[in-house]
Each structure stands twice: as C-alpha cells, then as structure tokens.
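*Asks:* Structure incoming, see below.
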Amino acid sequence: MKMTMMCDESIEENNKSSTVELNHNEKDGRIHSIIINFHPITHEQSNNQFYIQTLHEILKYIIDKKLNLVHFETRPTLTLSNANRDVQYSCLITLEANEINMSLLYEELRGNSFISGINLLNNQESEDWYPKHISDLDKCQHLLRKFQPELQTDHPGFHDKVYRERREAIAKIAFQYKYGDRIPEVEYTKEEIETWGLVFTKMKAVHASRACREYIDGFQLLEKYCNYNSESIPQLQTICEFMHRTSGFRIRPVAGLVSPKDFLASLAFRVFQCTQYIRHHSRPMHTPEPDCIHELIGHMPMLVNRQFADFSQELGLASLGASEEEITRLSTLYWFTVEFGLCNENGETRALGAGIMSSYGELENAFSDLSVKEPFNINDAAVQVYDDVGYQKIYFVTESIESMKRELRNYINTSGKSTIPIYDPITETVHMKSRFSIRKELLKHVKEEIGQLDTLLNHSNYTLP
C-alpha cells in the first residue's frame with residue numbers, strides 16, 4: 001500500500017507514490033531535503049495507523065511552524081522477505097526554511113519512536129533558487145558579458161568610446177529599475193533613430209512575402225497603437241501597457257543579454273526582459289547581441305499574439321526549478337522557435353522568429369539554399385547545436401503555433417517530474433503543485449464551468465444547435 005497525503009489532511013490509498021504542497025511564508029529560507037525511514041510495519045498492524053499518525057504529526061509540525069513545504073512524497077522502500085510480508089516505508093520532504101527551523105525539525109523527528117533513520121540531503125545552493133512572485137524578477141538580471149562592446153574586440157562598438165559610454169548610460173536605467181516602476185523613457189539620438197529607420201523600412205518591405213500572419217497582424221497593431229514608424233523609436237512603457245491589454249505580457253528593461261535561466265524565469269511571469277540601447281550604426285542589418293531593434297521589431301509583434309505569448313510563458317514555467325541540463329534544452333528550444341522559428345502557412349514557409357524578422361541578412365539566409373530546413377521535432381530541436389554569433393545553419397519549420405504548443409506540453413508532461421510550476425495570474429505568483437492536485441483542480445474547474453453552462457441554459461431561451 002502506498003500513501004497519498006493531501007492538503008486537507010485526508011488520506012487515501014492508491015498504487016502510486018504521490019505528493020503534497022503547502023504554501024506558507026518563510027523568509028530567508030533555503031531549500032532542504034530530508035529522507036525519513038520508518039520502522040517496518042507488520043501485517044497485523046491494522047490500517048497502518050501508527051505510520052499514518054506519524055505522517056500527520058510531521059505535517060502538523062510543518063504547518064504550525066509556517067514552513068514552506070515544496071514536496072512531500074511517501075513510498076514503500078522495502079518489502080521484507082518473511083511470512084508476514086512486513087513493509088518498510090520512507091518519506092521524502094523538501095522544505096524552504098532557515099537553518100534554525102531545520103534544526104528544530106530534525107530534533108522533533110529524532111524523538112519519534114516510529115522513525116528508524118533520518119537522512120539530511122545536501123542543501124541546494126543558491127543557483128537552485130527561482131522566483132516565486134513577479135517582484136522576485138528584480139533578482140533575475142545576471143548578464144552574460146560575452147557580447148559586451150568593451151570586452152569583444154570584434155564587436156562593432158569596441159573602438160567607439162562614445163558608443164560604449166552611451167551604452168553604459170542606458171544600462172543604468174535597467175540597473176535602477178524595480179518592480180512596479182514605470183519604465184523611464186530614453187531620448188534617442190539622431191544617429192540611433194536613423195539606424196532604427198533603416199532596419200524598420202527594410203524589414204517592413206518583406207512582411208508580405210516572408211512573415212507569418214500572426215507577425216503581420218501584431219506589427220500592424222503596434223503601428224496603430226504604439227507609434228511604430230521609421231521616424232521615431234517607440235518607448236517601452238507605451239508598448240508594455242498595450243501588450244498587457246492584448247496578451248497579458250509586460251516588459252521590464254534589461255542592461256544586456258541575461259542568462260538563459262533568468263530570461264526564461266521572466267517569461268514564466270509573462271514578462272519580457274527588453275533592452276533599450278540601439279546596435280552600432282556601422283552594422284545596422286545584423287547585431288551580435290539583442291538590442292532594442294531586435295526586441296521591438298522582432299519580438300513584440302509576436303508577443304501581442306495571445307497563443308504565442310502562452311507558448312513563451314509555458315517555456316518559462318518549465319524552466320523553474322529545472323536542472324542546468326534542462327535549462328540548456330529549454331533555451332535551445334526557445335532559440336529554434338521564438339528566435340529562429342519558421343512555420344508553414346497555406347503551403348508556404350513563413351518566418352515567425354524574432355532573429356529572422358529583425359535581421360535582413362538572417363532572413364535571406366533562412367530562405368536560401370545555404371541553410372537546412374527541417375520539420376519541427378521538439379526532441380531534435382532541444383539538443384540541436386546552434387551558432388549564437390553568425391547566421392544559422394539549420395532552421396526548424398513548425399506546422400503552426402498551436403501545434404508547437406501541443407508538442408511543448410507533451411514534452412513537459414513526459415519529463416517525469418512529480419511537481420509542476422503553476423502560475424496564478426491573480427496574485428502573480430508561481431506554486432509547485434503535484435500532478436494529482438492539478439488534476440483535482442482541473443476537474444473542479446470543469447464542474448464549475450458545466451454548472452455555469454447548465455444555469456445559462458436553464459434560465460434562457462437558448463437551445464443547443
């Protein structure tokens with residue numbers, strides 16, 4: 001028999017190990033894991049009452065101390081080979097708590113006569129931290145320095161002191177920005193506006209022949225409501241407010257290329273980290289790093305689309321609490337979809353990736369015989385090697401955004417994880433929940449929807465077609 005512990009403290013038998021999450025505030029905590037081994041339970045012990053009582057006591061202690069219970073799993077670890085078929089159980093608990101509370105819990109467990117052993121696993125280091133509330137994104141600004149103009153001798157701005165100083169001045173806006181602030185405006189120079197205008201005009205001319213329908217629709221909305229034109233560079237706050245009304249996404253300024261872990265974590269909260277600086281004027285049609293032109297011309301038209309915004313968020317959610325290897329696979333998926341994805345549309349190949357739609361050279365490469373086009377397969381795309389400096393050698397072609405979402409969900413659901421991050425749009429928080437509790441909540445939601453439909457049909461003259 002295996003036990004399922006639920007938040008309402010009910011207990012039910014099933015044939016799978018399972019989990020429970022409770023959420024309480026515990027400041028200054030770190031993640032700790034404990035394996036608890038129990039004395040064997042004999043066949044004669046009615047309903048395993050002593051084991052069940054101990055589990056209740058452990059949960060009650062955690063609740064009373066207001067510890068954040070991340071994961072709770074029980075399973076039989078050993079069936080003793082004797083006539084009575086005695087069973088030994090173990091319990092895995094993952095908590096967010098400070099060192100003092102963990103010591104107190106350890107002493108409490110040691111005093112329980114039904115526990116045979118306690119194994120404290122190595123504490124997870126700070127890199128295992130992930131944001132729980134949208135305000136935690138203030139901590140997700142770890143920059144990758146590989147493309148900084150002051151460090152890379154082949155960067156077009158390396159020998160341009162004025163350009164480097166300009167980049168530093170704009171970067172200060174991002175470093176000073178905090179959750180809840182309005183995004184400060186940047187007064188762009190004539191040279192920066194001219195660079196923007198060159199790319200804007202060049203790329204808009206190929207929309208009809210190369211861009212997917214979702215991109216074109218989004219771009220036209222931005223022209224209408226966010227002052228997209230070749231004569232001025234739109235401000236992030238204006239785009240942020242409009243995008244939040246259309247797809248629920250927001251923007252926060254960033255000083256440069258952030259780490260994949262921090263960038264994906266932002267997407268989980270429907271937040272896009274966006275640069276405000278403009279690429280060097282000497283190379284307007286290609287940039288070695290994300291810049292405002294890449295973000296505004298490449299990404300924003302697609303993020304206005306609700307389906308594509310959902311896909312981006314689901315990628316981000318999958319990254320929370322993931323290992324470094326999983327982060328690498330997810331960021332590679334992002335690269336071959338959101339950045340450099342192609343799609344089929346009415347029998348034609350069209351571009352949906354921001355890296356293609358913000359770089360004329362990349363667009364030419366994507367639609368030439370110099371690159372390979374493969375049907376999108378999520379398992380292949382997740383491990384495909386790519387070039388983060390030059391033009392891509394391979395692109396993946398998806399059937400639609402919806403099919404891309406389906407593949408991503410299947411990919412996540414087959415990961416084998418017992419807990420899944422769930423975003424609450426009302427409180428703008430993320431909670432780790434077991435698959436069991438998610439199914440339970442979904443069933444409850446479906447019942448409520450059916451009830452509303454039943455009420456609507458019973459109190460109106462409407463009849464089903």
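Quick reminder: no glycine exception, Cβ is built from N, Cα and C everywhere.
Below are the features I grabbed from Swiss-Prot:
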- His294, His299, Glu339: Fe cation binding site (BINDING)
*Asks:* Enumerate same-chain residues with a sequence separation of six or more from His294 (Fe cation binding site) and a Cβ-Cβ distance below 8 A; give 'none' if the list is empty.
*Replies:* Thr275, Arg279, Thr287, Ala354, Gly355, Ser358, Ser359
*Asks:* Taking the Cβ of His299 (Fe cation binding site) as the reference point, list residues of the same chain whose Cβ is under 8 angstroms away and which are at least six residues distant in sequence.
*Replies:* Phe272, Cys274, Val338, Ala354
*Asks:* Including all protein chains shown, what's the count of other C-beta atoms within 10 A of the C-beta of Glu339 (Fe cation binding site)?
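*Replies:* That number is 22.
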*Asks:* Determine, for the Fe cation site, the additional residues of the same chain whose CB lies within 8 Å of the mean position of the CB atoms of His294, His299, Glu339; present them in sequence order.
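*Replies:* Sorted by sequence, the hits are Pro290, Glu295, Gly298, Val338, Gly353, Ala354, Gly355, Met357, Ser358.
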